[in-house]
Amino acid sequence: MALKRSSSMKTQLVDAIQLEEVEMEEEITTTSNNNNPVEPAQVKEPKCYTVEEAVESIGFGCFHILLFVIMGSANIVEAMEIMLLAVVSPEIRCEWHLEDWQVALVSTMVFFGFMVCGVLCGYIADKYGRWKVVFGGFVWASYFSFLTSFSTSYGWFIFLRCMVGCGVAATSQGFVLKTEFIPAKYRAYLLPLASIFWMMGSILIIVLGMTVVPTMGWRWMIRFSVIPSLVLIGLFMFIPESARFQVSAGNIQGAMSTLKRIAKMNNGVLPEGELREPEVTERGNAVTLISSAFRRTSLLLWYSWFVASFSYYGSVLSSSELLEKNLLCVTDPDLEHQIKHIQEETLCYCIPFNSDDYQTLLISCLGEVALIPLNIILLNIVGRKYSMVILLLLSAFFFMLVNICTTMLGFTILLFLLRSVVSMNFNVVYIYTAEVYPTSVRSIGMGFCTSFSRIGGMIAPFIAQVLMSKSVILALSPFATACIICAIGVFFLPIETRGRALLQDA
């Protein structure tokens, strides 16, 4: 009996030990699971993707062609409003008996409006959306441009053109809107083609000058020039808000609708899963532009934009001035002064453009697109940064060559090449700026840059239209010098954006 009781106690003791071991194993397993809560075999995370991945997955298609045509047409409107100044200058000089500085002030006031509103429009675009700003800019610019044709005095004319400059500042945000929809590998091919539309706008205003001004006057030319803006206002309804902005503003549902619409038009597919990206609360914060991450980039870009505008409008207005005052091959300042004022004693001492002058301006406009293939090759092979360096040095070279005494054909060829390289440089600066800044500050970054560019545009008329009367080489040298200094600065830009995904937040 005692033996049986002893055997039973041993059995109970063994069972107790085994039970304790099992409990310890379960505790170890539980602890292990707590330390490693995600096991691929046990828990599956839902798939998610970003806007960048969605844009790359959808690819290029019909939507981008529509985007290219409509947003490219915005360049037509902008070019017409800016190039209008070169065509109308001889006419208003005659009508209101203006001095050189007064004619130059017209261009300066347009760029002043652009400069003041550029930063404001960039801030609003980052805060409330790109689409609203661009659409409002078209309406604003067309309205005040139309009012310009009814100007009764020089004062009203420059005020209304200043208001037009504010509207054009808003439309420049269209480049940001366009960039944010294009896949990375296509940006270097599509964005340079914006020059085609700029050329079309320049040609259109020159053709209007040739046909309308001699018969109906400059006022009707301005009225006709508003028509493309009105057409574009209707077409712009087909362009959606930027999906990148919608995500940064926390509007995931709106971004999904936009991406689905693009995918449907392109016959593309969205990545598997759901769109997920954190909301950016600090949107449109200008302090980011001068933070340690972007300080050197911003400072160099601001000067690059200044020079891009300074050299571009310098080339446009210099050619206009040389043709209007017949200063080609005139190197003696006294003779220049004599030619300039040869008709000053008459009632109207302006010298309007003739057909040959208009033809020269037309041919020089073609230079803005003739070298687009070279621009695309440079962007894809040497990148954005070194493309700017090369183009700036070429710009300086051709600015000095324009001063060489040659025939009208030789002058036209030099002008053609000069307009090619300065417009190519302007285009590359646009592309680099849109790519280097994150979505949270892309528009205000572009706004600051365009504002600095308009400072260059404000100064250019006083050199190209006022200093030109003193000495041709004295007027052309500042443009060449600025390009050389800028080329050195661009070399030290810290970021190359070729093939780089667009950042969402800083």
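Placement of Cβ uses the backbone N, Cα and C atoms for every residue, glycine included.
As given in Swiss-Prot:
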type	residues	note
TRANSMEM	57-77	transmembrane segment
TRANSMEM	104-124	transmembrane segment
TRANSMEM	133-153	transmembrane segment
TRANSMEM	190-210	transmembrane segment
TRANSMEM	220-240	transmembrane segment
TRANSMEM	297-317	transmembrane segment
TRANSMEM	362-382	transmembrane segment
TRANSMEM	397-417	transmembrane segment
TRANSMEM	444-464	transmembrane segment
TRANSMEM	472-492	transmembrane segment
(message) Within the same chain, where does the transmembrane segment (362-382) have neighbours whose Cβ lies under 8 angstroms from its own Cβ atoms, ignoring anything closer than 6 residues to its ends? I mean 6 or more beyond.
(response) 188-189, 192-193, 195-196, 198-199, 202-203, 206-207, 319, 390-391, 412, 415-421, 423-424, 427-428, 431, 498
(message) Short question: most Cβ pairs under 8 Å with the transmembrane segment (190-210), which of 57-77, 104-124, 297-317?
(response) 57-77
(request) Using a Cβ distance cut-off of under 8 Å, indicate which of 57-77, 133-153, 397-417 has the most pairs with the transmembrane segment (104-124). (result) 133-153
(message) For the transmembrane segment (57-77), give me same-chain residues lying six or more residues beyond its boundaries with a C-beta closer than 8 angstroms to one of its C-beta atoms, as numbers and ranges.
(response) 49, 134, 138, 141-142, 171, 174-175, 177-178, 181-183, 186, 190, 193-198, 200-201, 204, 228-229, 231-232, 235-236, 238-239, 259, 261-263, 265-271
